[in-house]
Number of protein chains: 2
Amino acid sequence: SPEPCSRVLLPKAALGLSLGGLSTVSPCSPAAPTPSDKELLAGGSYPQKNAEILSSQYGINVFLAGLLLMFAWAVHAVGIRKSDLLSYLITLMLIQLLWMLWYICRSYTQKRLIQEKDTHAGARWLKCGITLFAVITLILDSFKIGYFVGYADCLSATEGVFPVTHAVHTLLQVYFLWCHAKDIIQSFKTLERFGVIHSVFTNLLLWTNGVLTESKHQLNEHKERLITLGFGNISIELDDHHPHCNCSTTTLCSIFSQGIYYLYPFTIEYHILASTMLYVLWKNIGRRVEHHQQHKTPFKFHGITVGTILGLIVLTSTIAIVVVYLIKIGRSKVKSELALIMFYIYAITVLTLMCMAGIVALLIYRLEERSLDESKNPARKLDADLLVGTASGSWLLSWGSILAIICAQAHPTYTWYNLPYSILVIIEKYVQNLFIIESVHREQETADDIKTIRIVTVSTESTLSLAPSYNEIYNGTTDVDNGDVPYIFNGSISLQEGSRDGGFEDDKSKASSSVAPASRSILKNIAAFLFLCNLSLWIPPAFGCRPEYDNGLEEIVFSLEPWIIIVNLAMPFSIFYCMHSAASLFEVNCKT
Amino acid sequence: SPEPCSRVLLPKAALGLSLGGLSTVSPCSPAAPTPSDKELLAGGSYPQKNAEILSSQYGINVFLAGLLLMFAWAVHAVGIRKSDLLSYLITLMLIQLLWMLWYICRSYTQKRLIQEKDTHAGARWLKCGITLFAVITLILDSFKIGYFVGYADCLSATEGVFPVTHAVHTLLQVYFLWCHAKDIIQSFKTLERFGVIHSVFTNLLLWTNGVLTESKHQLNEHKERLITLGFGNISIELDDHHPHCNCSTTTLCSIFSQGIYYLYPFTIEYHILASTMLYVLWKNIGRRVEHHQQHKTPFKFHGITVGTILGLIVLTSTIAIVVVYLIKIGRSKVKSELALIMFYIYAITVLTLMCMAGIVALLIYRLEERSLDESKNPARKLDADLLVGTASGSWLLSWGSILAIICAQAHPTYTWYNLPYSILVIIEKYVQNLFIIESVHREQETADDIKTIRIVTVSTESTLSLAPSYNEIYNGTTDVDNGDVPYIFNGSISLQEGSRDGGFEDDKSKASSSVAPASRSILKNIAAFLFLCNLSLWIPPAFGCRPEYDNGLEEIVFSLEPWIIIVNLAMPFSIFYCMHSAASLFEVNCKT
């Protein structure tokens, strides 16, 4: 029966490779290897391993040079001006622009070269998210251009060229990501690798630049607050604050300069998202993927009312709390303390709810066992690594606070609230990561799966000695691959099939499917609730509500400068974590 | 013909899984799934993904808390004494000791549980290396105990408890690594995961502690030199230098305190090696590996005379240069400049030779195409990542120097030598990484391979329609795996087979095997030469020959404190890179 052959869309190349010289005996092998297959058999994958290392080392060096330039500028190194840094960034962006134009042109003229797509990469919500952030980034760029026009007399030309280049770069990059984020590049791989890795690290540098500018601004704000609170003894010097000439239209300039700093968080998110999407593109170069039928998982509002309502309550009250906090903090000592206590109590409540939701979700998973999807998936692996990696930012800050509370000699009342808050931050991230990573690794139960199992079962029973070879071929057993990625096809199906045929586990799987509707509804609500909570957690740090500074305790223990270093290192990751976990939870919600 | 069945040692579990219910038709499947297989089919791999994330998050938190404690101590935070830091480290070591004892006892009583071994992990040279470093670490610990006895009046008890605990910890850990580094743990996985990850991060923290102590010492030395050179205007304060009481036996104490700092580089290496070995053990938990016949690759001195002699010349002259450098530097301005010029000219020569050797080796690889070994191998992947990751340390320093030279306003003659030196450091690491990573990924050509190809070819020709299924099964096509590691078996063999049967490539492979002996000898010599050169490059930074400080240029541009931060961050990685690349090159030498 040749039927499974047409049903399961095994890529020709993979079949050609694994069956090798057996094409005459195997009933559904392709007629003959295509030219690209020949290339592969002749060791075509060989220079690609080199290209991978060559390009990644190139990217790291570009990044390190940029980092040092930024560091030198930040510490006011002799002979390094802001224009040097901006020139470097402009050069990198122009190179990326040229490469993207070349790639887009080539992909139009030679459509046949890019046939394969990674269905997991470049999800729609990611593209929509990046477009939203890009639009705000364009507004920021226009503000910067306006600011430059206002202060044109005393700003170097690069300060005007930079936002213009950045705007063009943003426009083209978003277009590029919309059209090509799913590409699996199979030709001219070396040049592509260099281009993509260049883009990844250009975006990372632009991200670092954004973080640095934002940190400098936050630091200035904090110092201004310190003056108000009466810490006059700290040597306060506002850094890179205003140009040394007057703006031609003062009100406009002040709006621009205020607006720029409120828009920065979005630009920062935009660049980190762009670089992760480009990184997945880079990982996919030269890879062979299974032609999975993509499970369409549209977002449905139906059935998550409770979670959404609770989440929206949290979201609105967070906005209210942040507004009150920003109004009260720094006005006087008493007002600041009240604002801090209010913030901590509120945050403790929200974090406790989030922890409980996460634990309930994990318990449901323990009751309802399902096999894990172990297939190769660079986008998912990157997501999981990013979750754990960026959570480290929050953990570092929390451990800093805990250490400060333990070691401090004087404990004003409001500082005690910091202890449960910090501990809850650690636990919440811990539980939430477990929940998200387990969710995205769980097998999706679809009608498709069940059909496959039936077909395979029938074929096992009806056909004779030839059957095993078909089953071997269709159910997850082709591995020789040209790229550096092992080739795995629908491994889970054969596992499920094995358990059915083996005759055990039947009761258990029946039981779990009967539990499903109720628990699935709970899980969807939890995901929706956590999604909105993470958006809420993102608001305070992104908009300058920073109890880590205002609290004062850590500053006394670590002293100001070291604590600023820690916060400025950890905070960008912490902010990114909230965004990223929200995005992941949205995906979980769609998948559940 | 059941012959391939016995020849290729496919693990029973993998066969049981992939064949599932087909055991009655397949002629060489196992009789019935063993109990452990049943567990796997019933979703036994499920809690393991959780255990992985649970344990890694635990480890990261232990590490972050320790890092912050260390940071707080380094910046003289209020209320944090050295004894707090040491108590934390002692606690971690004791927990690890208990876990290791439990593990060793259990593995004796229940031998059958740990049957599988990863032949790639815990290579013999690695074990020997770690033993050597451990012995020196024990000497260091005894010095520290002696130092504590001398200053017992004014040192806290933890300063005495720490080296004692550390010595016991070192002894047991080396024993543990000798006996269990290759283990692939399959039972009680959650507890094992926690124990191993705890050990990994305990070693990393001890490494960080070593690096920090060493950096403080280097900084003190550098400040003393600055005083000699007449930079009196920098506020110089020697940090954590001597206890505040007199030693009971002054000469002994001075020997101990001098000796301690010369032995630190070895302890640092010991801990990083231990943590990488433990990390590989952690990655291997719950994994299923192919029962490869291990290719014995003993080290042979024969045939690498030229490379060894050249390398030994480099090594001895490096020692001479370092001795002269250390004698001259800091004595007077003129002597310091001469020492710097001497060091740079020498380093430029050596680096040029190394670059040329690396490029020649890569060209030989380009001429002599061979397929890459794409099989899963956590030890090798970690090695490659560590090479690129730690090279970043050197690159960061080099980019810093290049930036300083470009931006500096005054250029004394000796600073110009810094530019080619820095550029060569970047290129040399770049080329060397390419060479090493390509070398360890190349397929080993052995008699075994050729035999396999013949057997398979014969079976293709002689057997009829059943053949494809056998070939599918034996030549690399079992993928359903319980662990998180895709299962790949001898992928390369089937690739080679494909090309033979396909009828092309025959001439090329014949040609390449005739070139082999000559080029292999050149490659072996290059590996030997680079091995000794990397050992040479390790000596100057490890023993306090630091032109990055003595040069003065970077200090002027970045100003002292920021540059110290950069050097102290990057230098440990740079030093580790030399060690690690030497170890990898030794392996390359054995394999080629």
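Just so you know, glycine gets a Cβ as well, placed from its N, Cα and C.
TrEMBL lists transmembrane segment at one of the ranges B:386-411, B:464-489, namely B:386-411. Within its own chain, the transmembrane segment (B:522-543) has Cβ neighbours under 8 Å at 262, 265, 303-304, 306-308, 310-312, 314-315, 318-319, 321-322, 325-326, 343, 350, 353-354, 357-358, 360-361, 364, 432, 435, 439, 571, 574-575, 578-579, 581-582, 585-586, 588-589, 592, counting only residues six or more beyond its boundaries. Here the transmembrane segment (B:261-282) touches the transmembrane segment (B:125-149). Their Cβ atoms form 3 or more pairs under 8 Å, with each pair 6 or more residues apart. Taking every recorded stretch in B:58-79, B:85-104, B:125-149, B:303-327, B:563-586 and counting its Cβ pairs under 8 Å to the transmembrane segment (B:339-365), the highest total belongs to B:303-327. Counting Cβ pairs closer than 8 Å and at least 6 residues apart in sequence, the transmembrane segment (B:161-178) and the transmembrane segment (B:58-79) reach fewer than three and form no contact. Put simply, of B:58-79, B:85-104, B:125-149, B:303-327, B:563-586, the stretch with the most CB pairs closer than 8 A to the transmembrane segment (B:386-411) is B:563-586. Count of Cβ pairs under 8 Å against the transmembrane segment (B:58-79): among B:85-104, B:303-327, B:563-586, the largest is for B:85-104.
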